Amino acid sequence: MQFPESWLRSLVNPSIGTDELAHRLTMAGLEVEETEPAAPPFTGVVVTRIVDIAPHPDADKLRVCQVDDGSGALLQIVCGAPNAAAGLTVPLARVGAELPGGMKIGVAKMRGVQSSGMLCSARELGLSQDHAGLLELPAALRPGTDIRAALDLDDTLFTLKLTPNRADCLSILGVAREVAALTGTPLTAPAAEPVPVTIDHRLPVAIQAPDLCGRFAGRVIQGVNARAATPEWMKTRLERAGQRSVSALVDISNYVMLEVGRPSHVFDLDKIGGDLSVRWAREGETLELLNGQAVALDPKVGVVVAGEQVESLAGIMGGEATSVTLDTRNIYLEAAFWWPGAIAGRARRYKFSSEASHRFERGVDYASIPEHIELITRLILDICGGQAGPVDDQCVNLPVREPVRMRLARCHRVLGVAVERAEVAQIFTRLGLPFQEQGDDFVVTPPSYRFDIEIEEDLIEEVARVYGFERIPDVPPVARAKMHAQPEARRGAHAVRRLVAARDYQEVVNYSFVEAAWERDYAGNDNPVRLVNPIASHLSVMRSSLIAGLVAIVRHNANRKQSRMRLFELGRVFHRDPQLADGPLEVAGVRQPLMLAGVAWGGAVEEQWGVPHRQVDFYDVKQDIEALFGARADALRFVADRYPALHPGRSARIELDGQPIGWLGELHPQWTQQADLHHAPVVFELDFEALAERRLPAVRKLSRQPVVVRDLALWVDAKLPAQAMLDTVAAAIARDPQLSVVQDAQVFDVWREKPVAGQTVTEKSLAFRFWLQDTEVTLDEARVADCIARIKDALVAAHNARQRA
């Protein structure tokens, strides 16, 4: 909202400067976004009157003017403006004047004729972009008067950035109320005595929709002169408030809206073809608005109709058919209270906004309609003349303002400062809030123009604004200085993120809602948790797996020529669980575990000259997962199994201590082809709780004895997993004290014979390497051979293995 400071000070004039006024408004919640002068700086420009004018002797487009600048002697000015004429009052930049942009005026000769100054256009003074001719000033101005004083150009323009709840401040009167409350300066509100009723003409109005219009007032005014000139003072105020002057009738309506916050509408009475009705629109009705836009109406939009002809979009904009023109003689003046809920969003439906709708959808004073009708009427009669009929004021459904109770103790607790009871009473009085004191409570009845006061905290805010936020002391919060316990056996989400990032993965964050097809294809979930109000039709269900979102990102980036990606996401998934009850962090029937998922696609390592290029594979990602578990990696098992999103022959169920915690594998060929990827990404998904728990390392003394390394190769069934044999070795070491010197065991070779035509290979050779070391003595060959024999016997007994020659 923009307005000139002089207009505000005509209603309330505190003895503080412009900067202090702007500061106080901002600190009270009415943010002053900008202040700027009404005109740029310039000096030496005065009011002058053209006394005589003659053609230039040597230029067809120039004329020689004799002007009176109030100095007692006529000055000669050469001018080329087309509107220069004898008797015209215009600005004169005297010799020595400095205009905006730094231009200095001196004595000059123009085609041989001396010119002692310059007559100015509005653009040359920085007042507007109009440069078609000289700026024409009111004839009543005295020559020689400094034009800055004559036109009040030292005024300041305020621009307020109002919050939606302060609709009462969308007017000069509303801001003036605030200034009066903040400074204690008396307020002079605009008012008008009821005008004499000289005709008895009425226009019948029927309010058929009380939920649309709560109050409707209007009157007939006959014999107006629509061609009357808008007074300069009104035009100046309108222009400085960002409104262009249209015609006297329109300007008066806009002026009162800006001054007291009352939108109104002026109909051409002679164009109204019947009695008025206020109702909701009907399907198929249309209206051409004042802005030239034709709109199709429906029952969600309010209208004012004459007979069956729609004439106005209620509370938003009038229709072109009954608009006033310069030939209008008889008018119907209307002001109403439209319910905010009936106006909100309607203008935006038609892709425009209006000053009226901006105010009505926030709430406009419903009690002062008759007074404002009289104010508008008085201005019309004074400027345009005419005869006024009686005011027809219908109240059918006005808001009921419930009293709001504010406890003084609650106010002190919220603000953190004990505002005296008498000062609270004074604040409410200055704000114009009627109240009663009941013990230590204040019971306030909100005024008709304050739609933002509904609860106790609203009143506490009013106290804080006027009391002054800067008066509330800075009190740092007091709390016990207690270190947050961080169990070493558990790590948080951020620690896990750092671990995954250290493995060359980048974090992404996807929507928790996904396509229903993703749930079916990637998670085998035909009954996902569905959204009641999805943000998009295709994002209609909650995810039960993170894999689909990661694959979508890989596809998106692969289409943009990215050749290598390693991504992870830590987020919640959503599963139906009828047994789950409501809780502080739970929703009944929906389990929301935290999961970690990752995807690797492209080269196993960044492309470089020293390493041959190869695609990332199952075992690369398996190694990453084992690294995440650290000391607990020996408890991991990767069991061949199937999952809807994964390749049926290249996927595994991940188990920790025998409990399933996730999945690992290549993306299913069908989904790889669907994503248009030339090779399959490797994906994994893990339960975060399994990662959060960690085993603390046990400290043990380092042995000073040498390590002995032995290899053992065995023939076993071709389908036997190597992990099963390693588990057998670990079990043997755990139960046999003689094997305590075996420190580690690993598979280092797998060999299969080439299949002969018509025969199937039934055996494979697994070669194991063992590291043996005692902490006290050097192992001799007999002890080493005994340990290897014991391990071999355990493997033979458990897996029917036989030693390879």
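Placement of Cβ uses the backbone N, Cα and C atoms for every residue, glycine included.
Lifted from Swiss-Prot, the feature list:
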- 39-148: domain 'tRNA-binding' (DOMAIN)
- 399-474: domain 'B5' (DOMAIN)
- Asp452, Asp458, Glu461, Glu462: Mg(2+) binding site (BINDING)
- 703-804: domain 'FDX-ACB' (DOMAIN)
Should Asp452 (Mg(2+) binding site) be counted as helix, strand, or coil on the basis of DSSP? coil
Nonlocal neighbours by CB distance (under 8 Å) for Asp458 (Mg(2+) binding site), same chain, sequence gap 6 or more: Val404, Asp452
Which is it, of Asp452, Glu462: the one of these binding-site residues whose Cβ has the most other Cβ atoms within 10 Å? Glu462
Environment of Asp452, Asp458, Glu461, Glu462, the listed Mg(2+) site - residues of the same chain whose CB lies within 8 A of the CB centroid: Asn165, Arg450, Ile453, Glu457, Leu459, Ile460, Arg465
Using a Cβ-Cβ cut-off under 8 angstroms and a sequence gap of six or more, which residues of the chain neighbour Glu461 (Mg(2+) binding site)? Gly29
Mean pLDDT over the domain 'B5' (399-474): what is the value? 94
Secondary structure content of the domain 'FDX-ACB' (703-804), with strand meaning DSSP E or B: 36 helix, 32 strand, 34 coil
